[in-house]
């Protein structure tokens, strides 16, 4: 028997009700886990900051990979209104701001290239990260990306650019999963929401940098006006590789691999020894073991198939819809900001200037979301944000029928407001929700699947949105707000029915809430004791509802 009470002898292996074989923990391990859980729940925000300064640093540093991805993914969309790029690769289009336009079919190919590559990268990462560890996969992806960047920099045709986008999308897919999973695993409950939401801020920094670089190179009268933004991607390759190399591994991954001593060492590297004793570290590892055993009891295995069976099916549905709804909310119009503004009648220079303001909302909005997170739950913020976006989109769509300078400028202002609402609510909360709803054993794969759902929606939007706003295609302009307003309204209804409240819940508590099929709207009012496993009735499953739950298995 190990010091954590995991029995290896066959008499200690029992058969669960679902026929699965699980390893039984002794009373001391459960007691230690309960102590760690109690300490974490009672910890204040200030105490969490003091004890986990190192974890905060490493989480924020690794999330910097999303700055790179946010920059890379959005920069290609900014070129659709860039004069030198459209002259180099576009066709003559009288009436447009530059006199040239990239055909809608090629816009779809360029926009969807990184999404297609991202799906490949996400699928690879979901398997490779569990097998080889997140650090190895992340460093390999950075090296691969360094090579792939050469393709768009020296591209001579749209075909080559599409190939470059697909190949670059593979490592970007890896970044999307690993950074969110790491942020959700290395910090206590009090910090989890802030650090996972910080991922959105990193996206915003990358997008803002992209806007700034593209705007700065706008007046270069040569192909380097669009090549230089690609070149800038090499700047952060070496710093990012060093950050990943020296960062502590996730203790949750080490526990799942049975490397308990290494997990202890990782926890020590992530916490402040002045406030966290050796016993505290051992209790934390015991809590991870206990949570892992709870999930193994509910369902063994860590393959993609497990994500769609038993209690994990519901969790997978929620995380996939949460990410897909980022685009169903109408956010995709923001990604096409320059072209959308130009199609609404805004001039070239002003459209790029407004795009800078538009993208700054990613940073401002995320900072505001941190304040909202202290007062409101995830479900409340996400649902309210979706409803507000639906209203703004309907207004934008209505203004599309008015041909005047005031209406055009109002559309620009409302687009900025739309992005602000998105980045106060949906944008940052999405990463928090997918990190908390997914089970710890399947987190890499669940986040990968959620991001794949986003990429699939991104491909669909990449096909229809350029046609909606392209003057050579459907030419809806601002009227497209009506379509996405309806989409956001339906998404609001889904949130009310299916999105659970995960604030202030440990992963063990969430496991039991999902195992007992608690409705989304009753997550907040349900009391859970994950360590009360030896009593009759409802508490035998570790759950006790304030609302007389009738649906326990």
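Glycine too: its Cβ is placed from the backbone N, Cα and C atoms.
Where the annotation comes from TrEMBL, it is an automatic prediction and has not been curated.
Remember, it's a predicted structure, so these values are computed and weren't measured experimentally.
TrEMBL lists transmembrane segment at one of the ranges 294-310, 481-497, 498-514, 515-531, namely 481-497. With a cut-off of 8 Å between Cβ atoms, the residues of this chain six or more beyond the transmembrane segment (481-497) that come close are 321, 325, 328-330, 332-333, 379, 382-383, 386-387, 389-391, 393-400, 468, 520-521.
Below 8 A, the CB atoms of the transmembrane segment (354-373) and the transmembrane segment (234-255) form no more than two pairs separated by six or more positions in the chain, fewer than 3 in all. Of the candidate ranges 55-80, 100-124, 195-214, 318-334, 408-431, 100-124 has the most C-beta pairs within less than 8 angstroms of the transmembrane segment (452-469). Same-chain residues lying 6+ beyond the ends of the transmembrane segment (408-431) with a Cβ under 8 Å from its Cβ atoms: 180, 183, 196-201, 203-204, 322-323, 325-326, 329-331, 333-334, 337, 340-341, 344-346, 354, 357-359, 361-366, 368-369, 372, 378, 381-382, 384-386, 388-389, 392-393, 395-396, 399-400, 478. Mean model confidence for the domain 'Major facilitator superfamily (MFS) profile' (58-503) is a pLDDT of 87.
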